[in-house]
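According to TrEMBL, the feature CoA binding site maps to R197, G198, G199, K200, T314, N338, S526, R587. Positions annotated as ATP binding site by TrEMBL: G390, E391, P392, D414, T415, W416, W417, Q418, T419, D503, R518, R529. If you look up TrEMBL, you'll see V540, H542, V545 marked as Mg(2+) binding site. According to TrEMBL, the domain 'Acetyl-coenzyme A synthetase N-terminal' annotation covers 30-87. What TrEMBL records for 92-471 is domain 'AMP-dependent synthetase/ligase'. Residues annotated as domain 'AMP-binding enzyme C-terminal' in TrEMBL: 534-612. If you look up TrEMBL, you'll see K612 marked as N6-acetyllysine.
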Amino acid sequence: MLETSRVPDSELYPVPADFAARAHMDRQAYEAARVAARETPQAFWSEQAQRLDWIKAPTKIKDVSFKKEDFRIRWFEDGVLNVATNCIDRHLPHRQDETAIIWEGDDPADSQHITYGRLHDEVCRMANVLKAHGARKGDRITIYMPMIPEAAYAMLACARIGAVHSVVFGGFSPDSLCGRIEDCGSTLVITADEGVRGGKIVPLKANVDAALEKVKVDTVLVIRRTGADVPMIEGRDVDYAVEAAKAATECPPEPMNAEDPLFILYTSGSTGKPKGVLHTTGGYLFWAAWTHELTFDYRPGEVFWCTADVGWVTGHSYLVYGPLANAATTLMFEGVPNYPDASRFWQVVDKHKVEAFYTAPTALRALMREGDAPVKATSRKSLRVLGTVGEPINPEAWRWYHEVVGDGRCPVVDTWWQTETGGHLITPLPGATDLKPGSATLPLPGVELQIVDAEGQELVGAVSGNLCITDSWPGQMRTVYGDDQRFFDTYFSTYPGRYFTGDGCRRDQDGYYWITGRVDDVINVSGHRMGTAEIESALVLHDDVAEAAVVGYPHDIKGQGIYAYVTLNKGVEATEDLRKALGAHVRREIGPIATPDVIQWAPGLPKTRSGKIMRRILRKIAENEIGALGDISTLADPSVVEDLVQNRAG
Ligand code: WT7
């Protein structure tokens with residue numbers, strides 16, 4: 001079981017004096033910025049937005065309403081800029097020969113330094129190849145790549161020509177990839193022959209081929225990672241190296257309106273298929289850059305390492321866009337934390353003198369289990385700031401991170417945010433915020449939080465409830481791609497006039513926020529969001545399955561595990577082989593991250609008389625809280641519960 005006991009609120013880690021002295025934002029500046037963002041937003045954000053390089057500086061700063069009648073979210077709407085010039089060209093005069101990207105390969109013997117000058121040339125080359133294949137401003141381009149520098153080139157090349165990228169995590173199945181290509185109407189896919197992770201091969205091009213059996217695209221650009229002999233389809237598949245060699249290393253950046261789309265990123269919700277979260281050019285880039293600088297107290301020249309894959313929003317905001325907009329040296333790691341051994345993260349920290357390190361609690365819990373020796377075998381002297389993201393961090397893992405990894409010297413920033421928010425919303429600032437293990441602490445300036453009860457009544461003081469946000473911030477998503485109505489319904493209709501995060505939250509007597517996890521039918525597995533409905537849909541696609549219900553349960557390493565109740569068709573025998581086959585089936589349909597940890601055979605599911613599955617009961621059984629099932633008298637057939645309890649799996 002995860003440690004759930006509350007930390008005494010007295011366990012406070014004060015801001016270290018050296019941080020307070022040099023911070024971009026100390027406590028006083030933080031308090032002042034919160035007031036300014038609230039009381040004079042136009043002036044405040046207009047000044048902050050000057051951190052970007054505008055072709056035309058915005059004069060209209062903020063135009064927002066969360067109300068149904070006049071719903072709109074617009075930031076810097078008359079500003080014109082290009083994201084790639086902000087992340088590359090403007091740094092060239094003074095950082096041309098400085099490292100933009102350190103690439104650390106899966107094999108510890110492989111690494112590369114890519115300067116800003118080279119980054120410029122490579123991005124322009126790829127932009128020119130994209131243009132040569134007909135890509136234009138506004139087109140959607142799907143990127144399905146391993147963690148190699150070309151993944152970042154591809155994103156920036158799209159941004160340079162004004163194409164909208166949709167990066168799909170390389171761990172997703174061909175079917176998931178197909179659905180995402182189809183939903184946004186991509187006609188071009190950028191991929192690699194194969195990926196390499198933890199010594200294993202990921203067949204990316206083969207997955208693309210399988211995905212494209214069901215949806216057509218004009219062009220597939222194939223980048224060579226392993227050099228494997230992958231089949232190339234004449235007229236569709238293009239060997240990138242051949243074209244890149246001929247492409248020019250200059251490509252004029254497309255001037256983009258601040259509200260033009262920059263990218264789409266699919267994420268799971270409580271219902272239906274994954275949503276295409278749409279982020280725009282000005283507000284998103286500003287938020288990624290501003291939060292990267294403040295949260296990590298970042299200065300150019302420091303080596304910044306975010307371990308997230310580019311397929312997730314963390315990879316977008318804190319591996320690529322935020323750091324590069326801040327002229328950072330950003331480290332991209334192809335591998336996994338325990339390959340070749342459990343010391344790898346810390347070896348890489350020493351090898352490249354990493355100053356800020358940003359990872360997920362699930363990785364820390366897995367490494368913690370290996371003991372302190374693999375950490376202590378390394379120096380880690382270069383580290384200044386440690387960050388976490390993706391799920392609540394249990395205080396035990398927090399303390400281990402702080403004491404063992406950071407030798408008690410480095411503030412731990414527990415950053416709460418979502419794909420939808422573009423960047424951090426609740427986080428400590430190393431020079432401003434005293435820390436409490438397990439709390440994401442306080443909102444950034446401009447982030448107006450509200451905790452409400454089930455009816456939407458605001459709760460004041462030290463309370464628990466559902467977390468809402470009452471006003472916009474520049475990095476907020478603008479819509480669900482192609483479905484404005486779904487955007488409004490998902491986020492603004494539960495509690496009218498407010499953005500509903502889907503998270504539960506407690507506020508303590510010091511005003512600190514403690515995220516308690518999702519309150520909707522979304523589960524968080526190893527920091528990745530999964531819709532239970534999606535997994536259920538995949539299960540019922542199997543010929544032997546009549547019905548399925550999926551819930552989360554506490555998992556030592558993953559935070560939450562996936563617990564599936566499956567009702568088989570009449571006459572089908574419930575065997576171990578079938579259990580394995582169902583796991584493999586979900587893996588094939590969605591991807592390995594969606595594989596159920598537990599499958600329990602359920603002759604029947606607990607339903608109300610109107611046929612609604614009572615997930616509350618299923619959750620309690622999965623959590624092994626059999627004594628707390630509550631009232632089951634409204635069930636159509638209360639006896640099914642007894643069977644489920646008797647045959648509880650695991
Ligand atoms: C959900 C968003 C943000 C990038 C990675 C995940 C949970 C995220 C924290 C945190 C507690 C957290 C929330 C949120 N979450 N960070 N520091 N403490 N919970 O992005 O896939 O969009 O998931 O992750 O439940 O709603 P995502």
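Placed from the backbone N, Cα and C atoms, the Cβ positions cover glycine too.
Per-residue pLDDT, averaged over the domain 'AMP-dependent synthetase/ligase' (92-471), rounds to 98.
In this structure, the binding-site residues that sit close to ligand 1, with a C-beta under 6 angstroms from any of its atoms, are G390, R518, chosen from G199, G390, R518. K612 (N6-acetyllysine) falls within neither a helix nor a strand when secondary structure is assigned with DSSP, and so counts as coil.
Cβ-based neighbour count (10 Å, all protein chains) for G198 (CoA binding site) stands at 14. In the three-state DSSP reading, V545 (Mg(2+) binding site) counts as strand. A sphere of 10 angstroms centred on the C-beta of V540 (Mg(2+) binding site) encloses 14 other C-beta atoms. Among the binding-site residues G199, T314, S526, H542, R587, the residue whose Cα lies closest in space to that of R518 (ATP binding site) is S526. For the binding-site residues T314, N338, T419, S526, counting C-beta atoms within 10 A of each C-beta gives the highest total at T314. For R587 (CoA binding site), the same-chain residues 6+ apart in sequence whose C-beta sits under 8 angstroms from its C-beta are S173, A594, T595.
Largest Cα-Cα distance over the residues recorded as binding ATP, namely G390, E391, P392, D414, T415, W416, W417, Q418, T419, D503, R518, R529, equals 18 Å. Residues A538, L539, L541, D543, D544, A546, E547, A548, V566, L582, H585 surround the recorded Mg(2+) site, their Cβ atoms falling within 8 Å of the Cβ centroid of V540, H542, V545, which are themselves excluded. Put simply, of the binding-site residues G390, T415, V540, the one whose Cα is nearest the Cα of G199 (CoA binding site) is G390.
Sequence-distant neighbours of W417 (ATP binding site) (same chain, 6+ apart, CB under 8 A from its CB) are V389, G423, H424, L425, I426, T427.
Looking at the residues that bind CoA per the record, R197, G198, G199, K200, T314, N338, S526, R587, the two CA atoms farthest apart are separated by 24 Å. Counting neighbouring Cβ atoms within 10 Å of each of the binding-site residues (R197, G199, P392, V545), the lowest count belongs to G199. Fewest Cβ neighbours within 10 Å among the binding-site residues K200, H542: that distinction goes to K200.
Among the binding-site residues G390, T415, T419, V540, H542, V545, the ones whose Cα sits within 10 Å of the Cα of T314 (CoA binding site) are G390, T419.
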